[in-house]
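Per TrEMBL, the feature active site, proton acceptor maps to D30. Look at TrEMBL and you will find H58 tagged as active site, proton donor. The active site feature in TrEMBL is assigned to K155. Positions annotated as GTP binding site by TrEMBL: G29, D30, E31, G32, K33, G34, K35, G57, H58, T59, R318, K344, L345, D346. If you look up TrEMBL, you'll see D30, E31, G32, K33, N55, A56, G57, H58, T144, R158, N237, T252, R316 marked as IMP binding site. Among the features that TrEMBL reports, Mg(2+) binding site is placed at D30, G57. The feature substrate binding site is assigned by TrEMBL to V312, T313, T314, G315, R316, K317, R318.
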Amino acid sequence: MSPSGREENCTSSVEPRNKVTVVLGAQWGDEGKGKVVDLLAMDADIVCRCQGGNNAGHTVVVDSVEYDFHLLPSGVLNKKALSFIGNGVVIHLPGLFDEAEKNLQKGKGTRRSNRPGVFNFHQAVDGIQEQQRQQQGGKNLGTTKKGIGPAYSSKAARNGLRICDLVSDFPVFEEKFRVLAEHFLTMYPTLNLDVEGELAQLKSYVVRLRPLVTDGVYFMHQALTGPSKKILVEGANAALLDIDFGTYPFVTSSNCTVGGVCTGLGVPPCHVGRVYGVVKAYTTRVGVGAFPTEQDNVTGELLQSRGREVGVTTGRKRRCGWLDLILVRYAHMVNGFSAIALTKLDILDTLEEIKVGIMYKVDGEVLPSFPANMDVLTRVKVDYKTLPGWCCSTEGVRSMEDLPPQARDYVHFIEDFLQVPGRARGSSQPEYHRYSTLKGLQRVYQLSF
């Protein structure tokens, strides 16, 4: 309720007291969202995941200790913040507990909405499907084989199982589980399933899991309409991997754009506040799919080696190329970024010239927008703007004013093209102990709730 006694909602004239701050990837993932989230999470009361599963991953290094996150929000490192995994996330419980045991001792705790689960047979099916696609003319999608797609498919087919089923009545859950397993065995006769073993494992989690599970909609409603709180939402994957708006079919299986915050947490649109788009100073992509600005040459190799571009979840080397502003502008159209957080600028330090993609052409004709059809995207020719490099280190720079003039020009060019302010300039260096106080962090990154 507001101070006037009226309930705060999207239809009233009362401005909501609490809004969520959202951090989203603006390219194909691996932009450095974890670093930005970790900085903001230091001042947060609640940190949320709203979609995806353990197919996403990022590394945070604090005081020389490295943490790998796949399911847990990286804000779990803030002992004062409550971490919340929303209904839009699909959870592989063995993966969750394994990750928690490795990382959670540094945090306060995690709550989990009572929604979808990923089972071992989902992961097995994911592998079989990818193998089948490979046999069909090499048309594999390059999935992580973590079972995310099959789990979301079960959800859409309405035969999936949820966390609330597991912690409510196990005999009923067991019956539904057997039906679901048989469904996949019918579809994939070669599937190797240990139904009894997985059921025993899941049953062993119930006692540990039950105190962590809550009604997600009610939890978020209380957080949004109660006393003042700083609520941070950490998006997984990125805009161009969104199931609806990404480079389909080479996408993930969830909505990793801003709409996924509402559907994956039960947050009304009027409670969505600032939306920060994280943009790497160049472009990378894991797996297969069109990549207009890819540099399959010495430049790409340099970006890959200097940027240490290897996937946290898969260990695969990332493909690298120049910054594609057509792609980022499209992400802004979908998400309405309040500001962009520009990361890994220092990876470009050694380049004498830096190119930025500013226009797509097909058969000599300018494309007015980012193409939905991937056959068109593979035929795109990119027009570039060539900017001078700065040929000096920016690793120790912590303010815009201290950047070399050419680096400032690079940042301003991006801001002017996108018509979005660049509110963060990130180094690729993972250590945070260099920054002594939260106040100092906010001065450098100018990111706040």
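Note: Cβ is positioned from N, Cα and C throughout, glycine not excepted.
Any TrEMBL annotation is an automated prediction that lacks curation.
Since we're looking at a predicted model, the values are computed, not measured.
Around the Cβ of R316 (IMP binding site), the number of neighbouring Cβ atoms within 10 Å comes to 13.
Cα to Cα, R318 (GTP binding site) and G57 (IMP binding site) are separated by 14 Å. Checked against G29 (GTP binding site), the binding-site residues N55, G57, N237, R316 differ in C-alpha distance, with N237 being the nearest. Cβ-based neighbour count (10 Å, all protein chains) for R318 (GTP binding site) stands at 21. Each of the recorded positions K33, K35, K155, K317 was scored by how many other Cβ atoms lie within 10 Å of its Cβ, and the smallest score goes to K317. For K35 (GTP binding site), the spatially nearest entry among the recorded positions K155, N237, G315, K317 is N237, judged by CA separation.
When the binding-site residues G57, N237, K317, L345 are screened for a C-alpha within 10 angstroms of the C-alpha of D30 (active site, proton acceptor), the residues that qualify, in sequence order, are G57, N237.
Take the CB of G29 (GTP binding site) and look out to 10 A: across all protein chains shown you find 29 other CB atoms. Residue pair R316 (IMP binding site) / K155 (active site) shows a Cα separation of 29 Å.
Counted within 10 Å of its Cβ, the other Cβ atoms near N237 (IMP binding site) come to 29, all protein chains included.
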